[in-house]
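Data block below; observations after.
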């Protein structure tokens with residue numbers, strides 16, 4: 001008998017009929033002899049509707065009350081799923097994050113889980129019941145206030161509970177049937193991966209793959225919880241996220257997939273003195289505005305002027321804030337111009353096989369060039385290469401890479417020999 | 001500085017605009033120098049929508065999950081009102097029933113408040129904030145489960161908090177501007193009462209006046225909390241419910257108003273043996289089905305047969321259950337026929353003045369007869385007379401009584417002298 005944590009996203013719960021189908025799947029899992037803990041997100045567009053109501057009463061709603069408001073969404077969905085399970089003859093009890101022992105810090109709207117004390121969940125399982133836990137929410141340790149976990153919160157709730165309960169697997173149900181080698185809307189012969197290591201999944205998520213949120217994968221890796229990403233519409237086993245990169249034998253390491261991201265913008269701070277500490281000054285200004293930056297390039301000095309340009313990317317949604325902060329800091333930094341460009345796209349190739357196969361970078365660049373696409377910026381990690389291109393060229397670049405590294409078939413992608421990477 | 005508890009019903013909160021107007025009223029009360037605790041019901045038709053969703057997933061939803069589901073409604077409305085208050089520059093914090101210390105028994109869907117420990121509310125007030133409490137909900141004492149209080153629950157939450165906090169007044173905001181001498185839709189010259197005693201209000205509520213629920217008035221009387229019923233659409237002071245009947249000087253006691261009720265049905269158990277204990281048998285069957293009966297009449301024995309009929313009224317919604325229960329008990333009770341009639345209406349005259357003015361009953365019967373309406377059944381209490389009439393005659397009877405006792409003007413109703421009551 002295994003202990004299975006299942007998480008269902010909002011698209012799997014968009015109406016009463018979908019809720020009944022989800023209940024059937026949960027009861028099947030229970031009948032197969034497993035202990036089952038379920039985490040449900042809010043139904044379909046409930047959260048958007050609540051956000052809209054909040055906007056109507058207050059342009060800048062206080063974060064504490066926003067958390068109180070938004071947690072109503074998961075309350076509704078989890079209670080309804082519990083009812084649907086009862087209707088199938090199984091016992092189910094829904095619990096708030098607080099009741100389930102999801103203890104967080106006090107940062108409303110973006111709380112971090114600091115402990116999980118799932119005594120009532122364990123009791124429900126011992127009583128033979130299916131336990132449902134409202135995702136995305138917790139209670140602050142000292143102030144006992146209701147908190148929400150921010151983006152990817154329900155996945156994080158599921159993984160944290162799986163860790164706290166020492167579950168055998170955490171299944172993330174969504175509207176796609178796994179992690180793909182590329183977005184099938186762009187690359188029709190993209191294929192679903194059977195397994196992927198935590199590190200590769202992290203790189204894919206950080207590079208724009210939307211299926212799993214970075215945070216829940218980090219939590220799963222830290223606690224070694226196998227994650228299974230699968231569809232609530234099919235019985236397909238989906239993709240298993242498990243295992244550490246260092247445990248993958250070199251000869252089995254492959255290239256995993258191509259991810260893309262349309263959510264970034266590029267800022268260039270042009271004509272700054274090419275002196276030590278100048279980039280530190282710039283990034284401190286951005287960091288103080290609580291903005292995460294992604295790719296960074298510092299150009300070589302313009303000959304004879306002693307001036308240089310610094311370019312970085314950041315989420316589009318933070319673009320205005322960053323530009324304003326940098327503009328205010330102009331007197332200290334002393335740049336000549338500030339340029340903003342949000343017509344960019346990022347394409348990334350991810351895979352542990354990159355470590356063992358020379359020439360990946362060369363093939364990466366050649367295949368993008370072969371598609372007639374210009375690379376504006378490149379950055380790499382141990383198992384990822386990312387390039388910035390024009391947004392209108394992004395799909396071409398994704399398809400070209402997917403094709404060049406032969407990710408579309410079941411075959412392991414062959415990497416062309418080259419002059420190292 | 002007074003401590004004011006305000007309760008806003010769903011119709012006062014049906015959209016963002018109404019929520020903002022309610023917030024303005026709350027902030028005005030705070031700015032006038034009062035400590036303010038607010039209890040909000042769910043917005044407009046939220047509860048109906050949630051009930052509808054529950055029906056879609058399960059025909060008989062478990063009561064525990066129903067409570068979890070329905071409490072989402074008050075969570076949404078209270079958080080939104082708190083946001084709207086913030087937007088006006090005042091501080092507000094919303095609390096769940098559990099956080100506010102509303103401790104109940106474990107009867108899901110119809111829990112009773114057994115204690116109020118409003119430590120967090122007191123703290124919020126001490127911090128200068130307006131405290132909002134989600135009405136209609138609590139937490140069970142031993143099992144720590146979320147409960148709901150059933151019908152009239154939000155009013156009861158408000159009164160219980162007022163008692164627990166020793167508030168100076170509990171204001172119940174609704175869509176009418178007080179307690180009327182009769183339903184103004186039936187009697188155009190009905191007038192709003194300035195004050196009414198707890199007992200008179202209880203009789204009015206029990207007789208069909210919908211503005212206040214019986215339960216909250218009982219709670220207010222037991223704790224001597226003045227209740228003010230007023231409209232959230234006007235600045236009219238409304239009606240103050242306060243004072244005990246025994247404290248009203250005889251010569252000031254008046255007739256309060258005419259209430260009516262279209263929600264009852266009449267069952268006649270015909271042809272039962274006129275022996276001791278027979279009515280006890282019948283009402284035990286009804287009580288075992290958890291149905292409250294209202295008026296009761298046992299006819300005199302049919303001459304020569306030793307048989308009699310027993311007639312009683314009960315809520316229409318319980319009619320089918322009662323008929324089935326009695327039908328099953330036919331072998332023991334041995335009645336000849338079971339008759340069911342839901343085309344009835346009940347009209348009641350209420351007022352402490354009834355005690356001191358003889359002839360009220362005579363005028364009551366005369367005025368109904370004068371309107372050409374037949375009385376089918378009469379029952380009385382110390383300060384109330386009720387009559388059952390045909391449903392189509394109900395409005396005529398209400399208007400005739402209101403007119404006969406001159407309740408429409410500001411004058412104290414003059415009671416015609418007669419032969420005692």
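Counting begins at 1 with the first residue displayed.
Yeah, the Cβs are placed from backbone N, Cα and C, and that goes for glycine too.
Quick caveat, the model's predicted, so the values are computed rather than measured.
Positions annotated as ATP binding site by TrEMBL: A:7, A:8, A:9, A:10, A:174, A:175, A:180, A:185, A:210, A:211. Sequence-distant neighbours of residue A:210 (ATP binding site): no residue of the same chain at least 6 apart has a C-beta under 8 Å from its C-beta.
The substrate binding site annotation in TrEMBL covers A:47, A:74. For the recorded site, residue A:47 (substrate binding site), the DSSP three-state label reads helix.
What TrEMBL lists as domain 'ACT' is A:267-352. Computed over the domain 'ACT' (A:267-352), the whole-number mean pLDDT of the model equals 91.
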Chain-internal residues near residue A:7 (ATP binding site), provided their CB is under 8 angstroms and they sit 6+ positions away: A:38, A:39, A:40, A:41, A:135, A:154, A:155, A:157, A:158, A:170, A:171, A:172, A:173
For residue A:9 (ATP binding site), the three-state class that DSSP assigns: coil
Residue counts (helix, strand, coil, in that order) that DSSP gives for the domain 'ACT' (A:267-352): 29 helix, 32 strand, 25 coil
Nearest-integer angstrom distance between the alpha carbons (Cα) of residue A:174 (ATP binding site) and residue A:47 (substrate binding site): 17
Binding-site residues: A:47, A:174 - member with fewest neighbouring CB atoms within 10 Å: A:47
Residues near residue A:180 (ATP binding site) in space but at least six apart in sequence (CB under 8 A): A:190, A:191, A:192, A:193, A:257
Inter-residue Cα distance where the pair is residue A:9 (ATP binding site) and residue A:74 (substrate binding site), in Å: 10
For residue A:9 (ATP binding site), the number of other Cβ atoms found within 10 Å of its own Cβ: 21
Rounded Cα separation (Å) that holds between residue A:47 (substrate binding site) and residue A:9 (ATP binding site): 12
